[in-house]
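To keep things clear, I will list the structure first and then write my remarks on it.
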Amino acid sequence: MRYLLRRLALFVVALLVISLVVFLALRVLPGDIATIMAGLNASPERVAALRDQLGLDRPLSEQYGSWIAGLLHGDLGTTMLTGQSVAAVVATRARITFPLIILGLLVALAIGIPLGCAAVLARKARTRAFFQVLAVIGGAVPALWGGLLLILLFAKGSGILPILPATGFPRTGWHTPGQALLALVLPALTVGIIVGASIMRYTRSALQSVASTGTIEMAMACGMTRTDAVLRVGLRLAMPQLVSVVGLTFAEMVTGVMVIENLFALPGIGSGLVDDLGHRDLVAVQGELFLLAAFFLVIGLLVDLTHRALDPRLGANDD
Amino acid sequence: MAVVTDRLGIAIAGRQIVKDVHLEIHDGQRVGLIGSSGSGKSMIARAMMGLLPPGTDVSGTIDLNGEQVVGMRDADLAALRGAAVGMVFQNPGISLNPLLTVGQQIALPLRLHYALSREELGQRVRAMMTRAGLPEELIDRRPHQLSGGQQQRVGIACALVASPRLIIADEPTTALDSLTQRQIVDLLVSLVDEAGASMLFITHDFSVLAHATQYCYVLDAGRIVEHGATAALLESPASETGERLVMAAQQLTLHRGKGDDDGRA
């Protein structure tokens with residue numbers, strides 16, 4: 001309990017520091033922020049109006065205070081492009097990105113964990129070498145190339161086995177869940193194969209480090225087969241390490257799938273952030289960066305708490 | 001349980017670790033296997049248990065009460081491990097499962113080999129803890145909450161709880177202080193004798209061996225160089241390796257005079 005409170009307090013402090021960094025980062029940029037946002041050809045009246053609208057002539061502390069107050073009420077500001085609330089725009093994009101990364105991660109886990117276990121269980125040196133090469137190849141494939149390859153293989157209209165839509169997300173969104181899901185299959189497979197190779201390497205290395213401690217031998221000496229000992233004891237012991245890797249991979253994927261979102265024309269968070277930067281919509285960028293950082297912190301907190309719940313030895317050291 | 005290894009050879013990645021080993025353990029006998037570090041002692045123990053790492057080449061035979069261990073399927077070996085042959089490891093701090101409580105740890109061989117009710121399981125575990133000198137209040141503790149001696153007692157309890165007929169103790173006292181070493185050897189010997197089981201005791205320390213075994217084999221660079229009654233071998237070793245190991249044991253004053261209760265040895 002003490003640990004939880006300490007960790008939550010740390011989370012709040014980190015969140016405040018991040019809000020300050022995000023806020024200041026966009027204000028210490030060279031040049032006048034209102035001029036940047038209005039564009040170089042904007043009239044001085046337009047720049048002045050924008051400065052007034054954003055409250056840029058107020059002291060920094062006041063600007064920060066009102067931004068934080070807005071955040072506490074779920075108000076991240078209004079985008080300059082469409083006039084929509086930033087929170088609503090991010091929520092719309094998240095409905096594409098999060099299903100994509102969750103599906104991608106499920107594919108990655110379904111590929112990476114069994115192959116990682118198989119690599120450790122392989123009795124022949126040649127089989128072990130094969131798994132090693134597989135992991136290296138999987139990790140070395142650029143996302144763009146992997147996606148294009150899948151499009152060539154499976155995309156409707158161009159693929160050898162044209163069974164899946166290649167680009168776009170239905171306008172109806174998740175109101176037509178079948179279509180929405182189909183639109184995410186190829187991108188999720190692309191993400192899953194690449195991330196799966198990395199999960200495979202982590203699984204193999206975590207299991208090997210557990211196996212070298214003698215716990216696997218002990219479980220076998222009690223009456224387990226080698227396969228049982230690796231899968232039932234080894235995997236459980238490696239779980240804290242794997243949870244950390246999967247958690248951080250999940251967090252990184254939010255922006256990491258940007259290339260995939262662009263390739264498959266999916267208006268997700270990563271590609272949206274790049275668009276907003278391109279349009280110099282700094283209010284939106286500020287809100288999005290803060291949300292992304294907060295998301296990383298939440299995942300970090302969850303990983304820490306799960307790690308602790310999975311390994312009773314940590315409790316003895318921390319309390 | 002009687003065990004006979006004949007022309008046993010073990011090679012890893014083409015390198016011969018154990019060569020042409022003939023070793024016999026008779027029913028109810030406590031046999032020692034002594035040799036310096038890297039001589040291949042633990043490899044022989046692991047070969048008997050079917051615990052050698054993948055990619056290890058084993059030649060020759062290991063006869064466990066009429067069953068041929070070399071070449072046996074892992075599932076058949078698993079049926080023997082824990083039930084017919086128990087093993088005590090060198091460092092329980094790293095071999096015990098850190099996530100299991102003492103009770104769960106000791107219950108594991110019983111769970112894997114027998115369909116016991118919860119009550120029966122609890123009774124057997126508690127009885128084994130008492131025999132191993134573990135207070136009942138430790139039943140819910142995890143390995144990191146125990147001392148080195150207590151951890152090794154848990155290791156011994158795990159090895160003996162399913163009443164195997166052969167115990168293989170692979171340097172079970174190496175990771176312990178000298179006082180605890182003596183207690184652990186005493187415990188192991190008394191439990192093995194009480195159960196009427198056989199034991200292969202592996203060590204590099206003759207003074208411990210003298211106390212724990214009746215007969216012993218001396219291993220050097222993977223070959224048996226000498227064997228005989230432990231007391232006689234300790235008195236007048238015939239091989240250079242044997243002589244070196246005996247001298248080393250005599251220099252360990254902490255053990256001097258303690259290895260003389262050969263009424264059992």
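Along the chain as shown, the residues are counted starting at 1.
Using the three backbone atoms N, Cα and C, a Cβ is placed for every residue, glycine included.
TrEMBL annotations: computationally assigned, not manually curated.
Model, not experiment: these values are computed from the prediction.
Here is what TrEMBL records for this protein:
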DOMAIN    A:94-307  domain 'ABC transmembrane type-1'
TRANSMEM  A:96-121  transmembrane segment
TRANSMEM  A:133-155  transmembrane segment
TRANSMEM  A:180-199  transmembrane segment
TRANSMEM  A:242-264  transmembrane segment
TRANSMEM  A:284-303  transmembrane segment
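Most Cβ pairs under 8 A with the transmembrane segment (A:96-121) among the ranges A:133-155, A:242-264, A:284-303 are made by A:242-264. When Cβ-Cβ distances below 8 Å are used as the criterion, the transmembrane segment (A:133-155) is approached by residues 115, 119, 161-166, 186-187, 189-191, 193-194, 196-198, 200-201, 204, 259-260, 263-264 of the same chain, each at least six residues removed from its ends. Long-range contacts of the transmembrane segment (A:180-199) within its own chain (CB-CB distance under 8 A, at least 6 residues past either end) are made by residues 96, 99-101, 103-113, 115-116, 134-139, 141, 143, 146-147, 150-151, 154-155, 164-166, 168-170, 172-174, 242, 245-246, 249, 253, 257, 260-261, 263-264, 266.
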